[in-house]
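Feature annotations, reproduced from TrEMBL:
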type     : residues : note
TRANSMEM : 12-35    : transmembrane segment
TRANSMEM : 79-98    : transmembrane segment
TRANSMEM : 104-128  : transmembrane segment
DOMAIN   : 162-358  : domain 'Major facilitator superfamily (MFS) profile'
TRANSMEM : 165-187  : transmembrane segment
TRANSMEM : 199-217  : transmembrane segment
TRANSMEM : 287-309  : transmembrane segment
TRANSMEM : 316-338  : transmembrane segment
Amino acid sequence: MREAPWRLMEHNVQLVFLFTVVYWSANSIISQHILSGYVYVLTASKAPVGLVKGIQGLVQLLCALPAGYTADHTRRDRILILAGVVGVAASVLTALAFELGDVLIIYLAFGIWGAFTAFQSSAMEALFADSVPMGQRSAPFTLKAPVRPVSACCGMLDAGHVPYLLFLSDFIVSNGMGLVTAFFPLFFLQEYSLSPVRVQTLFALQSLGVALLSFLAQMASSSTGRMPIVVITRVLGTLSLLLMAVSHDVTDQSVLFLAHGAFMQCTDPLRRSVLMDFVPKSHRARWTSLAGLTAASWAGSAVLGGIIVDSYGYRLCFLVAALVYICGLALETILIPLTRHAAESVEYLKPYTRPSFP
């Protein structure tokens, strides 16, 4: 395998990216606009709003040079452990302050956050640079730069963004399906010499599987929620396609093909129901019409799929499509907490009981 020019696979680089996504997503929830509004409501004064940020910034300023000096003269991982302990303490105090509604504890908590930021940022940035070879640092630093603001946007998402995320995730997954769907008949014909009758039988069985799993998914969603079921079935469909890329037995391939199609398509009704719950009645037709745009995009992805198949074979095309699915799944996973309150009533699922009269 060709070595990545800036060692993307180095575990420290991966962990820095993971921390950036998780930390700044969470940070944007409490430390930006919401914090200012909360402190103002709590104190009925604008001065404490500025004081919270002022204390945090002052402590960070006072700790910046000691943190940098210590990180250069001590193992950086030890500084990060120290920063982690400070961060946990700050998190506990922040939770306590919000629970008690005590502005003094808020001042203390965000002062500790300032110390955490000083020690964490200096040591982590230096460790990130240490993990990338000299002369190859521009690419990872350029890639890391937009991760922070994009992650901060994730923390600000609310129910109003659900239709947009649903459309975007569906657009991505549909294009992934477009990469491979048109080539399954050729795959079975050329790789396993299946007759057209057997191939058509597989497609017919897949349609029956979609119908059956659609009912089962709807029943399961009544207790677990709709988006968790959507994500679970999409994960199973993605795994099925990944296994098709490495399997060689015709029976296994047939079963995986049925599973892939059934799992990827069975929750389409659930997705549409979620969409209709989160858009105004006056906008439902226009959002429905966007499904046509998603369907039309299959043409372009099918062309790309043909190029990949001709150049590298069917199995690599399956792998590429699975990676596209994963991108869409990442967005659908974000939708789980955003739609957790959109629970459907299960009263209609209960057996009807005839009322008794005295």
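Backbone N, Cα and C define each Cβ position, glycine as well.
Across the candidate stretches 79-98, 104-128, 165-187, the maximum count of CB pairs under 8 A to the transmembrane segment (316-338) is reached by 165-187. Residues 184-185, 188-189, 229, 233, 254, 257-259, 261-263, 265-270 of the same chain lie 6+ residues outside the transmembrane segment (199-217) yet bring a C-beta within less than 8 angstroms of a C-beta in it. Within its own chain, the transmembrane segment (79-98) has Cβ neighbours under 8 Å at 30, 38, 67, 70-71, 105-106, 108-110, 112-113, 115-116, 119-120, 122-124, 127, counting only residues six or more beyond its boundaries.
When averaged over the domain 'Major facilitator superfamily (MFS) profile' (162-358), pLDDT in the model lands at 84.
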